[in-house]
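Asks: Okay, handing you the structure first.
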Amino acid sequence: MNNILVFPMVLPIIAGVILLFFRSKPAIQRWGSILTMIAVFAISLWILFQVMDQTILRLNFGEWAPPFGITFVADAFAMLLVTSSSLVSILCLLYAAFAKDEKREKFFLYPFLLLLVAGVNGSFLTGDLFNLFVCFEVMLLASYVLMTLGGEKRQLTEGIKYILINILSSWFFLLGIAYLYGSLGTLNMAHLSQRIAEAGQPPLLTTISILFLVVFSLKAGLVLYFWLPGSYSALPTAVSALFAALLTKVGVYALFRVFTLLFYHEPSITHTIIGLMAIITMAGGSIGAIAYTDLRKIAAYNVIIAIGFILVGLAANNEAAIQGSIYYLMHDILVKGLLFLIIGTVIYVTGKTKLDQASGLITSYPLLGWLFLITTLSLGGIPPFSGFAGKLLIGQGALEAGEYVIVAAAFLSSLFVLYSLLRIFLNMFWGETSISQKNRVILPKGMIAPCLILALLTVGLGLGMGVVSPFVAEAAHVLMNPEIYIEGALKDE
Amino acid sequence: METMIILLAGVLVSVATYLLLSKNMIRVVLGTAILSHAVHLLLMTMGGLKIGSVPILGDTVETYTDALPQALILTAIVISFAVTAFFLVLVYRTYQTTGTDNLLEMKGTEEDE
Amino acid sequence: MRENDVILQTVSKVAVFIILTFGVYLFLAGHHNPGGGFIGGLTLSSAFVLLYLAFDVETVNAGIPLDYKMVAATGVLIAIFTGMGALLFDSAFLSQTFAYFDLPIFGKTELATVVLFESGIALGVVGVVVTIIISISEDV
């Protein structure tokens, strides 16, 4: 029994609900939520080290033994993601605290941000398919509110589309759960994995797996990303950074969990389709990233390219590639947060959203400019930064699996990432300065601090590969050997 | 019995699809509500119907009703209730702000034009 | 436009108490029979909604000065803390227990900790439903 497992989900909920009572005191809201997330980060780091000792930790809710009750199961993969998402939420909250958007703060910005984090952490930790649905819904409900908070016209119209798409994908999720329960009679993921292995994954189950592929692709933005650029660019900076860092990653996590733990018997069908979808995603994302001049759209299409890239690892389906994907997933959670924060800051200081509307920012804001360059290089996968290790391992693994076309597409997409962001850098930061000294907006130190910390983290993650690699190796090992997870999730205590 | 309910779920899905594809926002909200009811019915049917006993398993009991689908549906109903309520409020606010309930008039944004 | 709603108001005055009683009954019956926190909470909130329909928002708010958002928040807190309460007794999150007590009037009675959890759910449901109804109706 490890009650500690429930804290990454319950602590943000409790804090969020308590903060509801402090509506008129923004200072308590800001610092209360940041302190909560620091506590969650510390706890998840502690659990991560426990997991390295004991492989799998499990908590049976209400002492109902699995497979009958709901369980929380923590393995290294889940905990790495919980830890990095808690870290990035601390920094996004810090940014929000200094951005001081009082209109939204009054309407419970922080409680809903905390609720969103609770849903995300719950999705990573749960060991039950239906509970995954519930955690998804907690996360989505919070995201619906955050999406429309503030009530600007653009937010409302984009919000309606976003909610409609997500209701539909939740519907498919329930449909998949119903079919799976009807055919296998259980919803505990470890138990499902056992039963699917016993049945040898007949065509019926493969069909159901495609249903789950559609659901999670919609959430992750894999091929079905049409909803993403519009809705992400309607959001305030801190919220959009948190969305970009976390929401799609939960879909990616679910894809990895489902296709390494449950439906891994027919890789020639499912994993080939995933590979194909990854290529289409990267191609579509690349086209979008270079076609638009709106900064937020370019950033949103970069999210999509990254999703495609991470799933190349799942398509290759060997240990090196999965390691690369996990590495890249952590990198992407941090750097996408950073990218959206910087883009938001640029829009804040210039008041312009298109890249040809301002230039020469680097003379006025040198730190911001160099941070943007670091982000660009990190996303492009240039060696000292964190993107490199992931790209290298994914490429290596995919080559081992003989997926030459996918590797080519993946590295071509990296060039597009680099080009699309360098275009912003050259247009906006280089050249004649367009801001006269007296019109200069003063950039609060508190807004640049989270960006600086995230940039240091991406450098740190790149240079400190040796520190992180045992965790990543362990995570990939458990993912590639489902029997370890099943043993940990079902054994009697 | 199961066949009947499955057919009913199918009818509900087709009704919901028709409503979802309409231009009027309120119809779309109703469509999502009906859609979720259809899948709740399906979920219940997947657990088996009309076994005619209580969901308590003991040593002497020969048949028992599977209690899990009912628990799942209750949770799903609560969630769809919350989502539908929020969606309804949002649609109303959007109608107030934009002055239209026609989805076709909400395409894109001002900047794209 | 003000309609003549004498009938609605007169009936509501009686019906609200019947609905509230039925809501409490459903809430308590939930342990062994159909009912429970969610259903009970919905019934209770329908009584409040009926009040808002029959009388206007200002009158009801003067009579029942509750911020329903806070009611919902209190409910959620109660529900979570009863779940966390199990941690104090060194059992898993959300564990429940029950015992039989000899109470003066009721005789041998079963008391279960799950009722505390359910009361949180009921408050949460009442708070959320009434908040939604008020926020839709307030500017019509």
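Just so you know, glycine gets a Cβ as well, placed from its N, Cα and C.
Source: prediction; values computed, not measured.
So TrEMBL has the following annotated:
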type	residues	note
TRANSMEM	A:34-52	transmembrane segment
TRANSMEM	A:72-95	transmembrane segment
TRANSMEM	A:107-124	transmembrane segment
DOMAIN	A:127-416	domain 'NADH:quinone oxidoreductase/Mrp antiporter transmembrane'
TRANSMEM	A:130-150	transmembrane segment
TRANSMEM	A:162-184	transmembrane segment
TRANSMEM	A:204-228	transmembrane segment
TRANSMEM	A:235-256	transmembrane segment
TRANSMEM	A:268-292	transmembrane segment
TRANSMEM	A:299-316	transmembrane segment
TRANSMEM	A:328-349	transmembrane segment
TRANSMEM	A:404-426	transmembrane segment
TRANSMEM	A:447-473	transmembrane segment
Asks: Run the contact check on the transmembrane segment (A:299-316) against the transmembrane segment (A:72-95): 3 or more C-beta pairs under 8 Å, excluding pairs closer than 6 in sequence.
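Replies: Counting Cβ pairs under 8 Å (6 or more apart in sequence), the transmembrane segment (A:299-316) does not reach the transmembrane segment (A:72-95), since there are fewer than 3.
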Asks: Sort out for me which stretch, of A:107-124, A:162-184, A:204-228, A:404-426, has the most Cβ pairs below 8 angstroms to the transmembrane segment (A:130-150).
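Replies: Selected stretch: A:107-124, with the most Cβ pairs under 8 Å.
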Asks: Output the single range from A:34-52, A:72-95, A:404-426 maximising the number of Cβ pairs under 8 Å to the transmembrane segment (A:107-124).
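Replies: Counting Cβ pairs under 8 Å, the winner is A:72-95.
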Asks: Pairs 6 or more apart in sequence, C-beta under 8 angstroms, 3 or more of them: is that satisfied by the transmembrane segment (A:72-95) and the transmembrane segment (A:34-52)?
Replies: yes
Asks: Give the nonlocal contacts of the transmembrane segment (A:162-184) in its own chain as ranges (CB under 8 Å, at least six residues past its ends).
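Replies: Sequence-distant neighbours of the transmembrane segment (A:162-184): 129-130, 133, 136-137, 140, 143-144, 147, 192, 195-196, 199, 204-205, 208, 211-212, 214-215, 218-219, 227, 231.
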Asks: In the same chain, who gets a Cβ under 8 Å from the transmembrane segment (A:447-473) while lying at least 6 residues past its ends?
Replies: 48, 52, 76, 80, 87-88, 91-92, 94-95, 98-99, 323, 326-327, 330-331, 334-335, 337-338, 341-342, 345, 348, 367-368, 371, 374-375, 378, 383-389
